[in-house]
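What follows is a set of notes on a single structure, which appears directly below.
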Amino acid sequence: MFERIISFAIQQRWLVLLAVFGMAGLGIFSYNRLPIDAVPDITNVQVQVNTSAPGYSPLETEQRVTYPIEVVMAGLPGLEQTRSLSRYGLSQVTVIFKDGTDVYFARQLVNQRIQEAKDNLPEGVVPAMGPISTGLGEIYLWTVEAEEGARKADGTAYTPTDLREIQDWVVRPQLRNVPGVTEINTIGGFNKQYLVAPSLERLASYGLTLTDVVNALNKNNDNVGAGYIERRGEQYLVRAPGQVASEDDIRNIIVGTAQGQPIRIRDIGDVEIGKELRTGAATENGKEVVLGTVFMLIGENSRAVSKAVDEKVASINRTMPEGVKIVTVYDRTRLVDKAIATVKKNLLEGAVLVIVILFLFLGNIRAALITATIIPLAMLFTFTGMVNYKISANLMSLGALDFGIIIDGAVVIVENCVRRLAHAQEHHGRPLTRSERFHEVFAAAKEARRPLIFGQLIIMIVYLPIFALTGVEGKMFHPMAFTVVLALLGAMILSVTFVPAAVALFIGERVAEKENRLMLWAKRRYEPLLEKSLANTAVVLTFAAVSIVLCVAIAARLGSEFIPNLNEGDIAIQALRIPGTSLSQSVEMQKTIETTLKAKFPEIERVFARTGTAEIASDPMPPNISDGYIMLKPEKDWPEPKKTHAELLSAIQEEAGKIPGNNYEFSQPIQLRFNELISGVRSDVAVKIFGDDNNVLSETAKKVSAVLQGIPGAQEVKVEQTTGLPMLTVKIDREKAARYGLNMSDVQDAVATGVGGRDSGTFFQGDRRFDIVVRLPEAVRGEVEALRRLPIPLPKGVDARTTFIPLSEVATLEMAPGPNQISRENGKRRIVISANVRGRDIGSFVPEAEAAIQSQVKIPAGYWMTWGGTFEQLQSATTRLQVVVPVALLLVFVLLFAMFNNIKDGLLVFTGIPFALTGGILALWIRGIPMSITAAVGFIALCGVAVLNGLVMLSFIRSLREEGHSLDSAVRVGALTRLRPVLMTALVASLGFVPMAIATGTGAEVQRPLATVVIGGILSSTALTLLVLPVLYRLAHRKDEDAEDTREPVTQTHQPDQGRQPA
């Protein structure tokens, strides 16, 4: 089949070139549509169910809201896991589905079960699904700020409430219409409310209750339609408006009467524009701000959506009131652009190095150009496939592309064509005719097709194990394997179509094969080394075996991690205070952190944070926790440009540690989300303890935490804050309440309305709407003694008058700590001890920590412990690769057997793999890089290249034997003749990765292990191919030589570069 393809390509060369140009045009079109990102989105298919349950304690929230929702979710098709969190007034259930489940189908299933659960939930508690986004969907954050001295139209300064109103009613509606945006979340400032604050004394003097005020507001704030009437042939719509239009309208609402006189709201309390009882706040550089967040629709491209949002923000800014502006504080595009710049730089530099090697070794400019053309053409082919399969260009998908490996097949064919054309011209003693030239090109391509096809297939097959990865690791590495295989496939197709056609067209009548100085130098050095190797077989093989054994020992000491942490250039800082810290106190403490860090470190551009829970509780936090971002300036603007990111982080940690009242957890914006998506925790590793009793869980967790803190490398060890939330409990005495004729709900309603407030209608202002809330004045709400005097209305007597008793008559007020939060996983309560690992690898940290915990902590009966975090993914990927990699290597051997039809020669080529691995292991050890899945991908790529080198040399030695050369002659001539292609293959493959190995840009740390492994492995593999493989071949075939009939000896004057030279 391939012979016909090659023949067609040469005969129809212009048609082939036209088709290649068409493919290139499609590739350019695809490149312009190619989604670009920093890393693949590894979010599992999950649906969040958020439920607001005002006034419910964590325990009540778990019992009455979380548990019923969890129960109905059980048994959903494709359900993989449920996680839940119950906090004061909030329940969040995360339903996780198996990979491949359509997210919209998953949401439909969850919504159906929510409808079932509603009957079992308390009245007024309504679950809602979270936005259709991913865990990495927070791509753009901004603040709405007023400049110093900015004034509103009435001359007053802008308040946090005013800024929140602008955010909610001007900015948010416009940004929600940007394509790719699924939701806008807001935190900070205050939701505007019209607050009715009755005086308890005035209410009691008029015999009125808080419920009377609520009812009066509800009955005097509505518009009613009354159909229509017809009059003199015209139709009139009848309506009776009664909606309040101003604060005065609210003040004039009648609540009741006293001695025939109306009692209005203004008579019993104040009406003012008030503030909500907020659950979250935002700060930036030490001052309160309003912070907005864009949630990207799942499946969209973060760079494209961020740019569209940024353009819309610029448009909105031009329409903002004077002195008010939107300031972008986080834009994912910045990270994406820096990461892609690193990838582009590495690929471009790698391509240049590869092309230089081609020019140096081929010695023919046109031949080198034809070979080099495969690089952009294969890339354009790859881009087309990536667009069709919706794979974004990112650090992972483009991180394993090596142009040297991609063009290996083309190098083999072009070199063979040049050699045959030169030899044919020398044989005829004249320039070749066109038909003779085409014949030689066909013969050369035909000779090379077998090692080319088998070599490329072998490299593709070694990538198959990566496709066996599942879950998070699968989502990270599948794109990488896909793009490499696609590029190799494109290069292979081009090698048997474009390359023969281009050689036939552009390599002219006069072809001279001449060796450059570099090759002559290499041969002069190689020939004596080869002779010494052949003369000292035992020494060479012993050295090779010892090298393998030593590297196996080194490999056991390398350590391991899932993937290297991407240096995002910014820092995430989470500040934790003791449970019960109020929101206002947390905000003040956070301001101190921000002002201190901003003043101490000129490298910091800004510090901003979210404290508590935002409007959409996608990431619920209690008021004692602040989730902060430290945005750094570009390194060129640092006062000390040589200062490393790690040194700056260490200095920031030290300075922050001096501020009292806070514990910290440091991470990076994407890394933090990455860890959280993996196992529901934000740290590198986590110990999860499961059981029933919260107190037992808490006590056990403290013991485990103490052990973890003693393990070298453990930092920021903390136990999930499950207890210690201060609670003021109104304990109602049923007997006393019954004596006064009161129901429990009568007392509860009075407390709930007075302290928590009650919505009593809506105030409309154009298309804006604000709640009207009845709540006691802050002076009363904040005083325990005042609450004890809260009037509780008694049932009306015969005179229809309302009488009151103080709350203290039927209830006591008790202050005691209660549960802070309750976490559950797969229907069971759990507590998490989290830790970040620095200065060592996770792979060695976890076994040491596990052994220490087992020896020092006794887990109670009925309770159990598991590990979470990135270690979980490392174990999963390692287990799967241990099964699949041997299968792939077996397939490689089967291909080698098919190539040679000889088990012995197949095994000889196969020995290239362990020698390649030794070089990769040694390179990692020298550079101090632990083993990771990224490094494992490098070893996988290495296996293909190592086998390809051996294939090139052994196939030629076999051909010489078939021509009648003696064993020693075939080995020597074959090794010297194939020195050039072996060195070219090794150099282009390794040099293509050199920029990746030494790069320092954003994302370089992710690619570095892979590149290091390939470079080190190719060096050792090349040494094997050039020195050990000839020794092994002669040793393996010595008996065959002895058994053969005596041949005519081949003279030593044979020149290795003459005669038939198949690839």
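Each residue, glycine too, has its Cβ placed from N, Cα and C.
Per Swiss-Prot, the feature compositional bias 'Polar residues' maps to 1049-1063.
The region 'Disordered' annotation in Swiss-Prot covers 1040-1063.
Counting residues 6+ beyond its ends, the transmembrane segment (14-29) has Cβ neighbours under 8 Å at 8, 376-377, 379-381, 383-384, 494, 497-498, 501-502, 505 in the same chain. For 14-29 (among others), the entry in Swiss-Prot reads transmembrane segment.
Same-chain neighbours of the transmembrane segment (350-370): 402-404, 407, 410-411, 414-415, 417-418, 499, 502-503, 506-508, 511, 513-516, 518-519, 980, 983-984, 987-988, 991-996, counting only residues six or more beyond its ends whose CB sits under 8 Å from a CB of the stretch. The annotation transmembrane segment is assigned in Swiss-Prot to 350-370 (among others) on the grounds of sequence analysis.
The feature transmembrane segment is assigned by Swiss-Prot to 452-472 (among others), with sequence analysis given as support.
For the transmembrane segment (487-507), same-chain residues at least 6 beyond its ends with a Cβ under 8 Å from one of its own Cβ atoms are 2, 5-6, 9-10, 12-14, 16-17, 19-20, 364, 366-367, 370-371, 373-374, 377-379, 381-382, 401, 405-407, 409-410, 413-414, 417-418, 421, 437-438, 441-442, 445, 449, 452-453, 456, 459-460. Feature annotation from Swiss-Prot assigns transmembrane segment to 487-507 (among others); the stated evidence is sequence analysis.
According to Swiss-Prot, the feature transmembrane segment maps to 534-554 (among others).
The annotation transmembrane segment is assigned in Swiss-Prot to 883-903 (among others). Beyond the transmembrane segment (883-903), the same-chain residues lying 6 or more positions past its ends with a Cβ under 8 Å from any Cβ of the stretch are 450-451, 454, 457-458, 461-462, 464-465, 468, 909-910, 913, 940, 943-944, 947, 951, 954-955, 958.
Marked as transmembrane segment by Swiss-Prot on the basis of sequence analysis: 906-926 (among others).
Taken from Swiss-Prot, the feature transmembrane segment applies to 937-957 (among others).
Distant neighbours of the transmembrane segment (982-1004): 38, 335, 338-339, 341-343, 345-347, 349-351, 353-354, 357-358, 361-362, 395, 399, 402-405, 407-408, 411, 415, 519, 522, 566-569, 945, 948-949, 952-953, 1010-1012, 1014-1015, 1018-1019, 1021-1022, 1025-1026; these residues of the same chain sit at least 6 beyond its ends, with a Cβ under 8 Å from one of its Cβ atoms. Residues annotated as transmembrane segment in Swiss-Prot, with sequence analysis given as evidence: 982-1004 (among others).
As annotated by Swiss-Prot, transmembrane segment applies to 1013-1033 (among others).
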Check the transmembrane segment (534-554) against the transmembrane segment (937-957) for contact, please; criterion is three or more CB pairs under 8 Å, pairs 6 or more apart in sequence.
no
What stretch of 452-472, 906-926, 1013-1033 shows the most Cβ pairs under 8 Å to the transmembrane segment (937-957)?
1013-1033
